[in-house]
Amino acid sequence: MAGRVESSIGGGEIDEEGDERGSMWDLDQSLDQPMDEEAGRLRNMYREKKFSAFLLLQLSFQSLGVVYGDLGTSPLYVFYNTFPRGIKDPEDIIGALSLIIYSLTLIPLLKYVFVVCKANDNGQGGTFALYSLLCRHAKVSTIPNQHRTDEELTTYSRTTFHERSFAAKTKRWLENGTSRKNALLILVLVGTCMVIGDGILTPAISVLSAAGGLRVNLPHINNGIVVVVAVVILVSLFSVQHYGTDRVGWLFAPIVFLWFLFIASIGMFNIWKHDPSVLKAFSPVYIFRYFKRGGQDRWTSLGGIMLSITGIEALFADLSHFPVSAVQFAFTVIVFPCLLLAYSGQAAYLRKYPHHVEDAFYQSIPKRVYWPMFIIATAAAIVASQATISATFSLIKQALAHGCFPRVKVVHTSRKFLGQIYVPDINWILMILCIAVTAGFKNQNQIGNAYGTAVVIVMLVTTLLMMLIMILVWRCHWVLVLLFTLLSLVVECTYFSAVLFKVNQGGWVPLVIAAAFLVIMYVWHYGTLKRYEFEMHSKVSMAWILGLGPSLGLVRVPGIGLVYTELASGVPHIFSHFITNLPATHSVVIFVCVKNLPVYTVPQEERFLVKRIGPKNFHMFRCVARYGYRDLHKKDDDFEKRLFESLFLFLRLESMMEGCSDSEDYSVCGSQQRQSRDGVNGNGNEIRNVSTFDTFDSIESVIAPTTTKRTSHTVTGSSQMSGGGDEVEFINGCRDAGVVHIMGNTVVRARREARFYKRIAIDYVYAFLRKICRENSAIFNVPQESLLNVGQIFYV
């Protein structure tokens, strides 16, 4: 193998001499992407499957327990939060019911179920899923570690634009401003923080409202006992989270289905028994009459009506568990009509007994079914809380993958379902805050005010992100985008103006919680970005490394050194710092970059990308491990074993390509022949770059379509496998001598000339977060006896 080999990721890294790429680079690029039109169809693997009617019914039924628990338990507390001071005019009940009906129609049904749910990222929902979609279609990520080889993943899908289109102009506008990228990130973080707030408020208000039913049948019980019962249920709920929902998850759908069946039946009974005239609320005229009667109370009552659509944020965040068609079917056929009947039945009861508004749900239940209904209501409240807690865990995991949250332990609780995870630290924080809110307010009205504030802000964030999705991903006409955005903002800003009146009545709680999490998440991301920029600017020249010779000017001791770095190109500063202070290194050096991509998952066979650095006798490699935001670093993944399997595959494939590189059929082997950048054609002898996509599928895609003539070249390549086999044996021997994981133990400090707020953020907040978060060695399950930390100070 003549000449020098430059380090690269997918053949794309360019250092001082990186512009010279030879014929092997061209071959690699052919191997590293779909070979033909058929292979091109593998891109964007996610396609919603066509289901039989029976399977669709089954999935729709199962989605009730995961997706709709929170939305379904809203009848427990909506009317009391709408009329906290009592009902002064019975006609107000009709106006409030009409508002509830059209709120459920416009927001959950039309906006979320039929529009927002279609904006999923390969079936994944939530604010970070929308952000990942945007990051793939425009360069809006604040950490610029993406590479074009990432786009060849089968799960990486994107669309192209006409240069003069509205989408292309919007894309350039977003990409050309750092402040716009930061604003987009902050918008996503605000939405995420509000959903975390929901993870605190949903269990509090749902369980407290369900437990409050005790006062109806046991009047001697005071509110203090109800709060104690609610706290006991909450402690039990959070304490069993580490078991996961795999064992009891099958109960969720039947519980929620029974809940919807019962509230719909009771609703129909109350309409028939008390006041069938409430059905006139389906006319929007009564909304106009409701506000025409005037008064601030009617406007602020929108904050209570807002609670009728809570749970839509969890609906979108939990979307990954089921196909969109099942979620849509369940809502339109079961959830929507049952909720309309439940609210109409309560309204009919309140028209006759307006003084029962504080416990409207339980008061409207016939006495004979009170206790069964109380048990089902409590169970449904627990299921609703569980769904929101699980959604919070998923969002934290996504934030971790995007570098927006301190490293915390993530536990996979199910062998069957990838999305079922448990985050211990977050679980106990949620429990403490949830108990504090429940015991502190002791009243569902103030918790409801807080809940409404969080939900409406999440809705506003989703609308703004959907506007960009419609432009950049769906490429909708600007008129359609404007229509959707304006209609959504008019409704949501109306609700937002109403909840602002209740900020001092409990609405401040989610704002404080969100502000605290926002500071943590943004400071962590800012510190991570500055660390990455420092590493990029201080990486070592490739010419310097190659100039040291095969021994690197050091003593090469037996063994393998895995040098962990955040850089996907170049030689990291940690390595030069290491060999400067300790003039010895291992016989084989592998630079390991663990990289998170804006995709939901990276298939295991595409996880690792292996490259060679320098000539063969340098024994230096780079391995990029790529993960999506749903992928987990599990103990049973055996990261080190898979890394070496990919390395050995690389060496064999490299040897095979060397065998066919001098043949006259080389262009066929590489699928296509392209002029190399250094002027050497496909039949040239000088090889500047070796880069392969480390999957057996890549090899098969080269070998399978070959002719008889190709077969002879393949045999020739196999006869030259001995070179690759010798190196495999050499590396195996070094592996037996010991593998050492070399990681940077960096201390990040702000420069002396930095502004005051930057010094506070870096020297105190970021430093504190790094001190309490998990070490990288724990995330990758590195044994302590094989770990070598290299201390450094980064001045950013």
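Glycine is no exception: its Cβ is also placed from the backbone N, Cα and C atoms.
What Swiss-Prot says about this one:
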type     : residues : note
REGION   : 1-30     : region 'Disordered'
TOPO_DOM : 1-58     : topological domain 'Cytoplasmic'
TRANSMEM : 59-79    : transmembrane segment
TOPO_DOM : 80-95    : topological domain 'Extracellular'
TRANSMEM : 96-116   : transmembrane segment
TOPO_DOM : 117-184  : topological domain 'Cytoplasmic'
TRANSMEM : 185-205  : transmembrane segment
TOPO_DOM : 206-217  : topological domain 'Extracellular'
TRANSMEM : 218-238  : transmembrane segment
TOPO_DOM : 239-248  : topological domain 'Cytoplasmic'
TRANSMEM : 249-269  : transmembrane segment
TOPO_DOM : 270-298  : topological domain 'Extracellular'
TRANSMEM : 299-319  : transmembrane segment
TRANSMEM : 322-342  : transmembrane segment
TOPO_DOM : 343-368  : topological domain 'Extracellular'
TRANSMEM : 369-389  : transmembrane segment
TOPO_DOM : 390-420  : topological domain 'Cytoplasmic'
TRANSMEM : 421-441  : transmembrane segment
TOPO_DOM : 442-453  : topological domain 'Extracellular'
TRANSMEM : 454-474  : transmembrane segment
TOPO_DOM : 475-480  : topological domain 'Cytoplasmic'
TRANSMEM : 481-501  : transmembrane segment
TOPO_DOM : 502-505  : topological domain 'Extracellular'
TRANSMEM : 506-526  : transmembrane segment
TOPO_DOM : 527-796  : topological domain 'Cytoplasmic'
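When Cβ-Cβ distances below 8 Å are used as the criterion, the transmembrane segment (322-342) is approached by residues 48-49, 51, 56-57, 59-64, 66-68, 71-72, 74-75, 101, 104, 108-109, 113-114, 117-118, 120, 123, 257, 260-261, 263-264, 266-268, 271, 308, 315 of the same chain, each at least six residues removed from its ends. Packing against the transmembrane segment (481-501) from elsewhere in the chain are residues 103, 106-107, 111, 115, 296, 299-303, 306, 449, 452-453, 456-457, 459-460, 463-464, 466-467, 470-471, 507: each is 6 or more residues past its ends and has a CB under 8 Å from a CB in it. Counting Cβ pairs under 8 Å that are 6 or more residues apart, the transmembrane segment (506-526) and the transmembrane segment (59-79) reach fewer than 3 and are not in contact.
Distant neighbours of the transmembrane segment (249-269): 61-66, 68-69, 72-73, 75, 334-335, 337-339, 341-346, 364-366, 369, 373, 376-377, 379-380, 383, 386-387, 420; these residues of the same chain sit at least 6 beyond its ends, with a Cβ under 8 Å from one of its Cβ atoms.
Sequence-distant contacts of the transmembrane segment (454-474), counting only residues of its own chain at least 6 positions beyond either end whose CB sits under 8 Å from a CB of the stretch, comprise 107, 115-116, 119, 127, 130-131, 133-134, 137-138, 159, 166-167, 170-171, 174, 184, 187-188, 190-191, 194-195, 197-198, 201, 306-307, 309-310, 312-313, 316, 480-481, 484-485, 488-489, 492-493, 495-496, 499, 510, 514. Summarised by DSSP class, the composition of the topological domain 'Cytoplasmic' (390-420) is 12 helix, 2 strand, 17 coil. At the 8 Å Cβ threshold, with sequence separation of at least 6, the transmembrane segment (218-238) comes into contact with the transmembrane segment (369-389) through 3 or more pairs.
Restricting the average to the topological domain 'Cytoplasmic' (390-420) gives a pLDDT of 82. Listed as Cβ neighbours of the topological domain 'Extracellular' (80-95) (distance under 8 Å, sequence separation of 6 or more from its ends, same chain) are residues 278, 280-281, 286-287, 289-291, 293, 297-298, 301, 303-305, 307, 347, 350-351, 354-355, 357-360, 444-445, 448-449, 452. Between the transmembrane segment (59-79) and the transmembrane segment (369-389), the number of CB pairs under 8 angstroms, six or more residues apart, is three or more, so the stretches are in contact. Remote same-chain partners of the topological domain 'Extracellular' (270-298), defined as residues 6 or more beyond its termini with a Cβ less than 8 Å from a stretch Cβ, comprise 85, 89, 91-99, 101-102, 341, 344-349, 351-352, 364, 501.
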